[in-house]
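Residues or ranges marked as domain 'CobQ/CobB/MinD/ParA nucleotide binding' in TrEMBL: B:5-226. Sequence annotations record features per position, and here TrEMBL assigns ATP binding site to B:LYS11, B:GLY12, B:GLY13, B:VAL14, B:GLY15, B:LYS16, B:THR17, B:THR18.
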Amino acid sequence: MSQADLLDQAPVFQLKGSMLAITVMELAQYSIEQLDQQLAEKVAQAPNFFSNTPLILALDKLPESEEELDLAALMAVCRKHGLRTLAVRASNEAHIAAANALDLPVLPPSGARERVIDPTAGQAEKKPEKPPAPAEPEHKPTKIITSPVRGGQQVYAQGGDLIVLAAVSSGAELLADGNIHVYGPMRGRALAGVKGNLKARIFCKQLGAEMLSIAGHYKVAEDLRRDPLWGDAVHVCLSGELLNITRL
Amino acid sequence: MAKILVVTSGKGGVGKTTTSAAIGTGLALRGHKTVIVDFDVGLRNLDLIMGCERRVVYDFVNVVNGEATLTQALIKDKRLENLFVLAASQTRDKDALTVEGVEKVMKELSENFEYVVCDSPAGIEKGAHLAMYFADEAIVVTNPEVSSVRDSDRMLGLLASKSRRAEEGGDPIKEHLLLTRYNPERVTKGEMLGVDDVEEILAIRLIGVIPESQAVLKASNQGVPVILDDQSDAGQAYSDAVDRLLGKEVAHRFLDVQKKGFLQRLFGGRE
Ligand SMILES: Nc1ncnc2c1ncn2[C@@H]1O[C@H](COP(=O)(O)OP(=O)(O)OP(=O)(O)O)[C@@H](O)[C@H]1O
Ligand SMILES: [Mg+2]
């Protein structure tokens with residue numbers, strides 16, 4: 001029996017919001033020969049990094065040029081050096097067409113990232129303005145977790161709030177469409193409002209998080225640690241695009 | 001029915017095999033019929049530490065494949081009447097074990113022993129998963145350093161979600177924390193995490209603290225589980241841990257920096 005078989009009773013799939021750290025290779029110039037040569041040098045320095053490493057190939061910083069871009073050849077060079085292209089980042093129409101021809105996903109240029117993460121945010125805000133149907137409001141029960149959430153584990157409260165009454169370890173990830181409450185030490189990642197709810201909030205009894213995010217706007221440990229409320233009981237909400245951390 | 005104990009960690013080289021040998025031997029010393037099973041297929045370390053490597057004829061994989069019976073494969077300890085070892089294969093790879101195969105062997109062992117101690121391979125993949133899958137209790141071996149604590153934390157997550165008990169909705173695996181290679185001097189200097197730090201992060205019951213000790217290396221070179229060296233700090237610490245595992249309240253020792261004695265100073269007394 002394989003790992004997969006052990007999970008047999010589970011539904012066949014689950015959609016999970018996630019913030020993956022993926023390497024982006026931003027091309028400053030279009031030269032396949034130079035890329036090949038310079039990648040080879042990099043590989044020699046860090047051979048472990050370049051082994052089937054997922055990659056976003058960013059073409060949006062390339063200077064305008066008449067020369068036609070051979071995307072397949074670029075990808076082949078990347079692949080030769082252990083980089084596997086998942087998608088391209090592009091704004092130029094010719095580049096987008098080249099990616100479409102190879103059936104490769106296209107991401108918008110950098111800086112537009114937040115907009116990608118919550119495509120439904122605007123809609124969610126507008127809906128309540130329509131005269132609501134007299135039906136009862138959709139009310140998903142709160143998900144309550146009473147045992148520790150360990151590194152490598154992920155908990156998602158779909159359509160509602162998440163309450164954790166135990167410790168959340170570093171390397172663990174909490175996701176909720178609504179609010180997140182953590183009453184044990186919070187050392188992992190918490191992403192509230194993952195479908196774009198800007199009103200979602202995070203409450204922690206002891207802030208030691210690796211990352212906090214509301215509707216795609218986030219702060220990482222490096223910023224959080226500098227906060228005077230690090231280690232304290234806090235309440236986190238969005239003010240504009242910024243996470244606002246206040247004492248509970 | 002035996003109690004199945006898994007000795008696991010996530011991270012490699014933290015002292016799982018040393019611990020499996022010591023705890024298994026300690027249980028047998030206290031009169032419990034015990035078998036220690038080496039799940040580290042392809043490496044085979046346990047038999048060396050137990051000093052029975054020259055008597056291995058059949059191994060765990062042979063039994064799983066029906067090439068030998070358990071009776072043929074179990075190696076009886078020379079020192080203790082009620083202690084046995086089931087060695088891992090050196091020639092097969094880790095795919096030689098299957099859930100069904102392991103289940104069959106665990107079931108048969110359960111009928112004949114009081115304790116089955118499973119020495120897990122490192123990692124969180126198939127081998128480690130099989131070693132913990134049927135466990136009733138887990139000893140999570142951790143060194144006082146951040147990477148080891150993180151891996152133990154991850155392993156605790158798997159114990160809580162990917163074991164048979166978890167999948168069948170039974171009582172959860174009982175988890176024990178064993179801190180090994182503890183060096184109070186380095187903790188004082190801030191080079192290693194202290195007992196309290198590790199306990200706070202992992203939040204499970206501490207079953208023992210084994211000091212970093214020359215006695216461990218000496219014992220494994222001689223093929224004698226260190227718990228039988230009852231003059232040594234590590235041997236005594238393991239002995240306390242076995243008592244706690246069996247439900248006794250024993251105060252923790254070896255947590256503080258020892259003042260160097262005259263002889264130690266004279267001979268340099270490292271560790
Ligand atoms: N308390 C201790 N003091 C000093 N050395 C120790 C101690 N515990 C273990 N060691 C040493 O650490 C090394 C690794 O120990 P051991 O083989 O038991 O670890 P392991 O977790 O089983 O490793 P693996 O993951 O490779 O199976 C050995 O050389 C052993 O002698
Ligand atoms: Mg080992």
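Cβ from N, Cα, C; glycine included.
Shown here: features listed in TrEMBL, placed on the structure.
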residue: B:LYS11; record: ATP binding site; Cβ contacts under 8 Å, 6 or more apart: B:ALA122, B:ASN143, B:SER147, B:SER148, B:ASP151, B:SER152
residue: B:GLY12; record: ATP binding site; Cβ contacts under 8 Å, 6 or more apart: B:ALA122, B:GLY123
residue: B:GLY13; record: ATP binding site; Cβ contacts under 8 Å, 6 or more apart: B:ALA122
residue: B:VAL14; record: ATP binding site; Cβ contacts under 8 Å, 6 or more apart: B:VAL141, B:THR142, B:ASN143, B:SER148, B:THR180, B:ARG181
residue: B:GLY15; record: ATP binding site; Cβ contacts under 8 Å, 6 or more apart: B:SER9, B:VAL141, B:ASN143, B:THR180, B:ARG181, B:ILE210, B:VAL216
residue: B:LYS16; record: ATP binding site; Cβ contacts under 8 Å, 6 or more apart: B:VAL7, B:THR8, B:SER9, B:ASP119, B:SER120, B:ALA122, B:VAL141
residue: B:THR17; record: ATP binding site; Cβ contacts under 8 Å, 6 or more apart: B:ASP38, B:ASP40, B:ASN45, B:LEU46, B:ILE49, B:ASP119
residue: B:THR18; record: ATP binding site; Cβ contacts under 8 Å, 6 or more apart: B:ILE49, B:THR180, B:VAL216, B:SER220, B:VAL226
Stretch-averaged pLDDT - the domain 'CobQ/CobB/MinD/ParA nucleotide binding' (B:5-226): 94
Among B:LYS11, B:GLY12, B:GLY13, B:GLY15, B:LYS16, the binding-site residues whose C-beta sits under 6 Å from ligand 1: B:GLY12, B:GLY13, B:GLY15, B:LYS16
Check: same-chain CB within 8 A of ATP site center, minus B:LYS11, B:GLY12, B:GLY13, B:VAL14, B:GLY15, B:LYS16, B:THR17, B:THR18: B:SER9, B:THR19, B:ALA122, B:VAL141, B:THR180
Secondary-structure category, per DSSP, in which B:THR17 (ATP binding site) falls: helix
Of B:VAL14, B:GLY15, B:LYS16, B:THR17, binding-site residues neighbouring ligand 2, Cβ under 6 A: B:LYS16, B:THR17
Chain A, Cβ under 8 Å: which of the binding-site residues B:LYS11, B:GLY12, B:GLY13, B:VAL14, B:GLY15, B:THR17 qualify: none
